[in-house]
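Dumping the structure here so I can ask a few things about it.
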Amino acid sequence: MASKSWLNFLVFLCGSAIGFFLCSQLLSILLREEAAIQPNMLHNDPHARHSDDNGHSHLKGQMNFNADSSQHKDENIDVAENLYQKVKILCWVMTSPQNLEKKAKHVKATWAQRCNKVLFMSSEENQDFPTVGLKTKEGREQLYWKTIKAFQYVHDHYLEDADWFMKADDDTYVIVDNLRWLLSKYNPEQPIYFGRRFKPYVKQGYMSGGAGYVLSKEALRRFVNAFKTEKCTHSSSIEDLALGRCMEIINVEAGDSRDTIGKETFHPFVPEHHLIKGYLPKTFWYWNYNYYPPIEGPGCCSDIAVSFHYVDGTTMYELEYLVYHLRPYGYLYRYQPALPENILKEINQVNRKEDTKIKLGNP
């Protein structure tokens, strides 16, 4: 009897050890898969858009890639300058007191310089940075409150200073010049907004908060007025989804932000997550959320991409260099989408000499 009990005990121990080993191996595989996506993301929550700061102790201060412009003094930027005047964009960046030095200052040193006007929105005012104090609390549950108050502030103080109003996070990188091309085809008095379009929960879809989204002037008017008339309320702490529901209620169209050949321009992750096949497992929420069929690999992203998300300070400068400085010698751009005729005509009037005439458009 004693030997049988001892045998049962040994079987139990062996079974427990094997079970523990298999569970630990499975957990390790799952954790590695999650870490491969983004170590600092809340992976199972498509609306968790702010990553934790990685420290980046080597990044002591902000850099200015445009300080030494001697290499680019003869660069022809007539088109970009004309669009800067014709398509005026106010950018507001959602940040927090603890992220001014870790994140927001790198946005300020890079892409934000190309907005016609930029504002940093925080829970507290900081006159040195500076930030607009929205007098809210911090935390994920406050994101929609901050968004509502930020758009109200922009509407009350800067409505006539821009045509379009872009919201971005402090870990979003935006190629503002490409955004201007996208918006140049539209009238800011049209009730419409653009971003990375997701499909669940809202009939017309809604725009991913992390990839950023941009409202027309009329969309901004309607959004602010909807809270005055109580057509919309603070119905959820999930900022992008709640804003999307409000937009549908007030008949603001969810626009198609893809380029002329159907490639996406707004991206909710860093480039590598979209460009490398298999980086995002098929069980990941992303594949079920896209309004348009998503593509992975080199075909994922437009040549005139507008935004990427979860971009840390170091990567901000890497993207700034790759987008605005690195050039392959001897190549002309293969994909040059057309400009609206009225803008193209004005540019060519400025460039009267035949050798400097700008020819833009698909062949």
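These residue numbers are counts, starting from 1, taken along the chain as shown.
Cβ coordinates are placed from backbone N, Cα and C, and glycine is handled just like the others.
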Just to be sure I read the record right: Glu138, Gly139, Arg140, Lys146, Asp169, His309, Tyr310 are listed as binding UDP in Swiss-Prot. Which of Met94, Met247 is listed for the same site?
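My reading of Swiss-Prot gives Met94 as the candidate in that site.
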Select, from Ser69, Ser235, Ser257, the one residue given the annotation phosphoserine by Swiss-Prot.
Ser235
Using the alpha carbons only, what distance in Å do you get between Glu138 (UDP binding site) and Asp171 (Mn(2+) binding site) once rounded?
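The Cα atom of Glu138 (UDP binding site) is 16 Å away from the Cα atom of Asp171 (Mn(2+) binding site).
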Mind checking which of Arg140, Lys146, His309 has the fewest other CB atoms within 10 A of its CB? They're the binding-site residues.
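Candidates: the binding-site residues Arg140, Lys146, His309. Fewest Cβ atoms within 10 Å: Arg140.
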Neighbour count, 10 Å Cβ-Cβ cut-off, for Met94 (UDP binding site): what number do you get?
25
In whole Å, how far is Asp171 (Mn(2+) binding site) from Met94 (UDP binding site) when you measure between their Cα atoms?
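For Met94 (UDP binding site) versus Asp171 (Mn(2+) binding site), the Cα atoms are 9 Å apart.
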